[in-house]
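The feature Fe cation binding site is assigned by TrEMBL to His185, His245, His311, His527.
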Amino acid sequence: VLGFKRQQQDQKGLECITPLVNSVEETPESIATEVSGTIPTWIRGNLLRNGPGKFEFGNQHYNHWFDGMAMLHQFKIVDGKVTYRSCFLRSDAYKKNSERDRIMVSEFGTVAMPDPCKNFFLRFLSRFEMIEATDNASVSFVKYKGDYYVSTETNFMHKVDPESLETMNKVDWTKFVAVNMATAHPHTDPDGTAFNMGNSYGTKGALYNIIKVPSTKNNPDETLEGAKVLCSIIPADKSRPSYYHSFAMTENYVVFIEQPIKMDLLKIITSKLRGKAISQGVYWDPKLDTVFHLVDKHTGKVSRHPLSVFHQINAFEEDGFVMLDMCCADNGDAIKNYLIQNLRKSGEALDQVYNTTSRAFPRRFVLPLNVNDDTPTGVNLNTRPASSATSVKTAKDEVVCHFEDLHGDDLFEYGGLEFPQINYSKFNTRPYRYFYGCGFQHLVGDSLLKMDLKEKKLKVWYKKGMFPSEPVFVPSPEAVDEDDGVILSVVVTPTEDKSTFLLVLDARTWEELGRAEVPVNIPYGFHGAFNSTA
């Protein structure tokens, strides 16, 4: 994969966002919100959100944004009215930390130090224990076999009641398939069959694994029964596999992106012994290529196609090619900039953090499916007239791809785009025209963007000092057009106390329909889902 440095505009005088990463209290009982404007009465369901909401226990503080204890949020929408509730996920990590009022379980950027109440010998021995995988599932809401789970990037998930937000049973991927973790971004076929990816670690090194989970249960208490590893992919370096946050999927293929964000397994395994966080073993190696692996969902056969990527937008097959659309940055250092201390900076120090963080932009790669010994080398295999992306066979088993931009120059003004979403139920794995995301003129999203692939134009919702979350598309009943529906986003305002609101935009016109103001403070979160109750 080839890439070039993108234009990046520096910012000055960024607003301090410390309140967005401060601990808040939970609101376990539903409370009313104040609605202004109009929220369409056809919207019936729960907007479920997940993200960190507690950043310290006692006098011990987490170091990284990803470390905070998972807080679950529910915006229940019925008949044009909205209620809100929230609660902390009752994970084992949360319970252990709460019982001792100190950090007992290590997270991505924070290592749990030995208990000072133990004698010296026991504290010394505890350094040699294997690091315990956290079950602090703070990334997203995901769905398997019709049930909702909250997930992170370890082997643990928690089943959650979407109505009460009650933490139900804890589920361990390792009890069902031979993987040590799974992503928080699975994909789902129209019949409900789910696909995910997870690493496994053994004496011979790491493997990347494609996981398939059936769509139905044989009994009501089932969780991941029937899950299987569809195939395994060997990393280029088994002792330093790539970090990945998500993957892409078409109708017939899973597309795995092996990127130059690497994990030093020796450093990670010995992190507790050395008193270092797991994050210290994750690094960016710009000398390496990004490699696309295509896996046939039906046979498990792997094809190898020779940026940093957190989120894919969509992927689909057309004319013998896979169109792979992703939000790509030109380096992978951004993950280290999201330390809590960086997010809480102000003035020139905050500007410097932002201006040294690479922004993500939407790009399309066109991957040829039918490459064989007879395919000519040195010529662009992508002959589609409307596409500027290139795919050139350079050797027997290698195709080098160069992307095309999915945006115009106006996107540079808004700091690129992340947290991409589409009309997933109708257009996932299919040709599509629109996608939605957050603009990033700050370290967190500060605008909502609608991108038109046909015109390569964008529409913007921006209010100074307001920070919207990932947009969630909800289609209108009997919708025909792709953008017939609404966008839901939770907007937080750090300069005002208790000023969070649920924003409802008309997805077609991008005009504000209404908002529901919540009289409690909410931190900035990661991902969520809409649970329809219509």
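Each Cβ is built from the backbone N, Cα and C atoms, and glycine gets one as well.
Quick caveat, the model's predicted, so the values are computed rather than measured.
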Extra residues within 8 Å (Cβ to Cβ centroid of His185, His245, His311, His527), Fe cation: Val139, Ser140, Thr183, Ala184, Ser246, Phe310
Among His245, His527, the most crowded of the binding-site residues [Cβ within 10 Å]: His527
Cβ neighbour count (within 10 Å, all chains shown) around His185 (Fe cation binding site): 21
